[in-house]
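A.B. asks: Before I ask anything, let me first share the structure, which is written out below as structure tokens.
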Amino acid sequence: MKEFLTLFLCVYPVFSLASVNHRNIRQAYQCFSNSCLNGGTCVSNGPYASPAYNCLCSVIYTGRNCEIPIRPLVPNTLCSNNPCLNGGICRVNGNQGFFCDCKVIHTGNRCEISLQVPNRFDPCQNNPCQNGGTCRISNNLTQSYNCDCPFGTNGLRCENGYPGSPLNHPCNSNPCLNKGYCKSDGKQGYSCQCDVVYTGSKCETYIGTSNQQQGPCSSNSCKNGGTCRVLNNNGFYCECPLGTNGLQCENMAAGNNNECSSNPCLNGGTCRSNTNGVFSCDCTMFYTGRRCEFLKQSKPCINDLCYNGGTCRIYDVAGIGAFYCQCPNGFSGTKCEKRLF
């Protein structure tokens, strides 16, 4: 009897080999069962990856399997009625809220609280700028100011003068009393030309009576034909004729008289004697006039330089703008800054 050898060929499924992890095999085939929901697209990451697949969800779903719906975006109307006060700007904060962008002087959820100080002090109210400076508010919140200084001055409050400025003049402190007129000697010194009823180095000694309403030239104290001229501080000086000199033209010159011997030029001016016996004054850059008696300005009276109610008057000398202050009763000085009583 013949014996037959029967051979059997076993065909195993590809994923049933002992070396393959069956759990990973199942995970790798998750995409075949359409594990992604709501139209999501399944992407396999391979049998050995973790996770084995990912879902690419549509724009309105999320989650591991696209199972979580996203709330659709709708236009936010919270700012449509402009809930912010006092000029605040409404801004959307996400889908469900808003906030108010307030101006610098307001705060609060709706900009309803004012940060302004009631009856705020005006820093320019008392005019802190000196020497005719103009005060200008630079910041309302901090109540700060700047001073626009006139020609010849500087400093935070225009308190300083440049070299040669009237602020550095020896007569700036008004050392002469009782309406006396201060006259510079050109070397930081001075002398006082007194009213007719006062005398002394600073016009401190009373020597007679006078009707104040008549003016300093009412008694015509100039001698030898001299002409009395009223100064801007209610003082006077004598304009002497040829051949005379002195504060009141009391001296008669002998021979070849030098008209500059009495130093008639004021405020540091330099006297020049002409051949015909008439003098002229070379004034410093800040003064003008025949005797340098007037303060010069690029725009006279524009800054209202006179104090205590004094009136600024323009005095034109050869086209050069100058000014003097007409002082009210009780005040004197170049700028009416001196109280007499």
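Glycine is treated like the rest: Cβ placed from N, Cα and C.
Automatic prediction, not curation, is the source of TrEMBL annotations.
Remember, predicted model here, so these are calculated numbers, not experimental data.
According to TrEMBL, the protein has these features:
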type     : residues  : note
SIGNAL   : 1-18      : signal peptide
DOMAIN   : 27-67     : domain 'EGF-like'
DISULFID : C57-C66   : disulfide bond
DOMAIN   : 75-112    : domain 'EGF-like'
DISULFID : C102-C111 : disulfide bond
DOMAIN   : 120-159   : domain 'EGF-like'
DISULFID : C149-C158 : disulfide bond
DOMAIN   : 167-204   : domain 'EGF-like'
DISULFID : C194-C203 : disulfide bond
DOMAIN   : 213-250   : domain 'EGF-like'
DISULFID : C240-C249 : disulfide bond
DOMAIN   : 256-293   : domain 'EGF-like'
DISULFID : C283-C292 : disulfide bond
DOMAIN   : 297-337   : domain 'EGF-like'
DISULFID : C327-C336 : disulfide bond
A.B. asks: List the helix, strand and coil residue totals of the domain 'EGF-like' (120-159) as derived from DSSP.
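C.D. replies: Across the domain 'EGF-like' (120-159), the residues distribute as 0 helix, 13 strand, 27 coil.
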A.B. asks: Note down the number of other Cβ atoms within 10 Å of the Cβ of C66 (disulfide bond), including every protein chain shown.
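C.D. replies: By my count, 21.
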A.B. asks: Between the disulfide-bonded residues C149, C194, C283, which lies closest to C240 (disulfide bond), Cα to Cα?
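C.D. replies: Comparing Cα positions, the candidate nearest C240 (disulfide bond) turns out to be C194.
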A.B. asks: Any idea what the Cα distance is from C149 (disulfide bond) over to C203 (disulfide bond), rounded to a whole Å?
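C.D. replies: Here the two Cα atoms are 33 Å apart.
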A.B. asks: For the C-alpha pair, I'd like the distance in angstrom between C283 (disulfide bond) and C111 (disulfide bond), rounded off.
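C.D. replies: Distance (Cα to Cα, whole Å): 63 Å.
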A.B. asks: Just jot down the residues in the same chain as C292 (disulfide bond), at least 6 apart in sequence, with C-beta under 8 A of its C-beta; none if empty.
C.D. replies: C265, L266, N267, G268, G269, C281, C283, T284
A.B. asks: Please name which of the disulfide-bonded residues listed here, C111, C158, C194, C203, C327, is nearest in space to C66 (disulfide bond), Cα against Cα.
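C.D. replies: Among C111, C158, C194, C203, C327, C111.
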A.B. asks: In whole Å, how far is C249 (disulfide bond) from C336 (disulfide bond) when you measure between their Cα atoms?
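C.D. replies: Per the Cα atoms, C336 (disulfide bond) and C249 (disulfide bond) stand 28 Å apart.
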A.B. asks: How many Å separate the Cα atoms of C111 (disulfide bond) and C327 (disulfide bond)?
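C.D. replies: For C111 (disulfide bond) versus C327 (disulfide bond), the Cα atoms are 53 Å apart.
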A.B. asks: Restricting the comparison to the disulfide-bonded residues C102, C158, C194, C327, which residue's C-alpha is spatially nearest the C-alpha of C249 (disulfide bond)?
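C.D. replies: Smallest Cα separation from C249 (disulfide bond) among C102, C158, C194, C327: C194.
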A.B. asks: Go through C102, C336, the listed disulfide-bonded residues, and name the one with the sparsest Cβ surroundings, counting other Cβ atoms within 10 Å.
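C.D. replies: Comparing Cβ neighbour counts within 10 Å for the disulfide-bonded residues C102, C336 gives C102.
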A.B. asks: Spatially speaking, which of the disulfide-bonded residues C57, C102, C158, C327 is closest to C194 (disulfide bond)? Use C-alpha to C-alpha, please.
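C.D. replies: Checked the disulfide-bonded residues C57, C102, C158, C327; minimum Cα distance to C194 (disulfide bond) goes to C327.
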A.B. asks: List the Cα distance (Å, whole number) between C102 (disulfide bond) and C327 (disulfide bond).
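C.D. replies: C102 (disulfide bond) to C327 (disulfide bond), Cα-Cα distance: 52 Å.
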A.B. asks: Using C158 (disulfide bond) as the reference point, find which of the disulfide-bonded residues C57, C203, C327 has the shortest Cα-to-Cα distance to it.
C.D. replies: C327
A.B. asks: Please report the distance from the Cα of C57 (disulfide bond) to the Cα of C327 (disulfide bond), rounded to the nearest angstrom.
C.D. replies: 92
